[in-house]
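As recorded in Swiss-Prot:
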BINDING   Gly85, 88-89, Thr93, 95-98, 113-121, Ser125  5-phospho-alpha-D-ribose 1-diphosphate binding site
BINDING   Gly85, Asn116  anthranilate 1 binding site
BINDING   Ser97, Glu231  Mg(2+) 1 binding site
BINDING   Arg171  anthranilate 2 binding site
BINDING   Asp230, Glu231  Mg(2+) 2 binding site
Amino acid sequence: MPIVSWPELLEKLLSTKEISEIEAKALMKAWLNDELLPVQTGAFLTALRAKQISGLELSSMAEVLRDACLFPYPLPEVFMVDTCGTGGDGADTFNISTAVAFVTASCGVTIAKHGNRSASGKVGSADVLEGLGIKLNAPLELVVKAIEKNNITFLFAPAWHSSLINLAPLRKALGVRTVFNLLGPLVNPFRPKAQVLGVAKSELLDPMVEALRNLGLERAVVVHGAGGLDEASLEGPNEVRFLENGQITSKTLDVEELGLTISPNSTLKGGSLATNQDILRSLFQGRGTQSQREVVALNSSLVFWASGKELDLKKGVTIALEAMELSKPLDKFNELKCCLE
């Protein structure tokens, strides 16, 4: 017998009430164990989408997912940072957080980048990295070794979260974003102690930063970019939540105060896989457009803050721009590529 009544739990969600930690964990375990009918799963996913998700609901589900993750190795004993967005902003930008991962790693930050292919026909982090020569199906021991040897690695989500495979057809059939799009950034198998996470909607700022706090992160930045970007944006003021030692601070980030130029999000457009690959190659060598370089530097400054490397965001911007100018991200990319071969 389930520890909760599924009809009662569904009714609770449909009434837009917050479900408890026990209920959220029971629901996730039922999904992972294939205990619910497809129609029940569809109803729960729809009900969760229709209500305002809470930090407790997210962290409770994420804990179950992390525990179910395949990880037959000791966790790397280094202070790691993940950088990603939830997606769903519709802006079709190039792979900003992927570029940021290599820029910041080239400056000494240890990056555990957790990502996947795009489910929307766009170009996800895994798509662009594979196109550039990163081996997604590398033996998991090499993925672990890379972070110890090169201070950066890429964790291809399906290789670690095989328990979610049975849900993939239903999620695809629903055709809309679900709670799993929010959970993806929260379930990095390496359990980094710091993270920079972008959200496409401002109402997700507080639930996501609260979830990160519940999951035990020491430092984190959750950002909602101007113009609805799930990255820090050059278009205008960015809403930010900073998490440090359990304390959450809300701030508005003015890009001009950081020495950057206001630019519309349209200047950050990506395109085909080949286009996005070319943009990353250019940025890794200090080329690309001014807007492309500056948005990567802006988001890199948040990673530097989260890592503790540089708490002054303006100085962080300068560090990132100089790294690109010296082609340091390209060297770091080539190191990872060789390590995973």
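The backbone N, Cα and C atoms fix where each Cβ goes, and this holds for glycine too.
All chains included, 26 other C-beta atoms sit within 10 angstroms of the C-beta of Asp230 (Mg(2+) 2 binding site). Recorded residues Asn116 (anthranilate 1 binding site) and Thr93 (5-phospho-alpha-D-ribose 1-diphosphate binding site) have their alpha carbons 16 Å apart, per Cα-Cα distance. Comparing Glu231 (Mg(2+) 1 binding site) with Arg171 (anthranilate 2 binding site), their Cα atoms are 25 Å apart once rounded. Taking the C-alpha positions, the distance from Arg117 (5-phospho-alpha-D-ribose 1-diphosphate binding site) to Arg171 (anthranilate 2 binding site) comes to 15 Å. Every protein chain considered, the tally of other Cβ atoms within 10 Å of the Cβ of Asn116 (anthranilate 1 binding site) stands at 19. Under the DSSP three-state reduction, His114 (5-phospho-alpha-D-ribose 1-diphosphate binding site) is assigned to strand. For Glu231 (Mg(2+) 1 binding site), the number of other Cβ atoms no farther than 10 Å from its own Cβ, over all displayed protein chains, is 30. Taking a C-beta cut-off of under 8 Å and a sequence gap of six or more, Gly85 (5-phospho-alpha-D-ribose 1-diphosphate binding site) has these contacts in its own chain: Ile96, Ser97, Pro185, Leu197, Gly198, Val199, Ala200, Asp230, Glu231.
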